[in-house]
Amino acid sequence: MDKKTIYFICTGNSCRSQMAEGWGKEILGEGWNVYSAGIETHGVNPKAIEAMKEVDIDISNHTSDLIDNDILKQSDLVVTLCSDADNNCPILPPNVKKEHWGFDDPAGKEWSEFQRVRDEIKLAIEKFKLR
C-alpha cells in the first residue's frame, strides 16, 4: 500500500502546523507522510516545542518552511489551520483534497493556550484517523 500524504499549513509554520505535524506523525503512523509549512516562515516557536515535549513528542528538530509546491501537488490532503492560510492557500490540483481545521493562534499568549491548542489539534487528528 502506498503511503498517503497530509500537509498541514498555517501562516508562519511556527506553532499550530508544527504541533499538527508532530501529532500527525505520532497518531497516523507509518501509513502517512506528514509535513507542515507556512505562507511565511516565522521560526519554530520554543513554546510549541515545549508543549509537545510535555506529551513526549519531540519537534525540536523541525524547521519553519515555506509551502513546497512539489509536496503540495503530491498531497492527498492539505489541511489549513488558520483563516489566513485558508484564504491564501495556493491553487490545488483537482486530485488534492483540502480541508480547513481552524485553531486559535497561541503565539504570544499564556502557556495554557499552547496546551489547549495542542490538545485540540490532537483530538482533530484522532477524529480524522477514525474516518
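Every residue gets a Cβ built from N, Cα and C, even glycine.
Swiss-Prot lists Asn13, Thr63, Asp65 as K(+)-binding residues, and of the candidates Ser36, Ser112 the one it assigns to that same site is Ser36. Distance from the CA of Cys10 (active site, nucleophile) to the CA of Thr63 (K(+) binding site) is 14 Å. Considering only the recorded positions Cys10, Asn13, Ser36, Asp65, the residues lying within 10 A of Cys89 (disulfide bond) on a C-alpha to C-alpha basis are Cys10. Its Cβ placed at the centre, Cys10 (active site, nucleophile) has 29 other Cβ atoms within 10 Å. Checking each of the recorded positions Cys10, Asn13, Ser36, Asp65 against Cys82 (disulfide bond) by C-alpha distance, the shortest gap belongs to Cys10. Sorted by the number of other CB atoms within 10 A, the binding-site residues Asn13, Ser36, Thr63 start with Thr63, the lowest.
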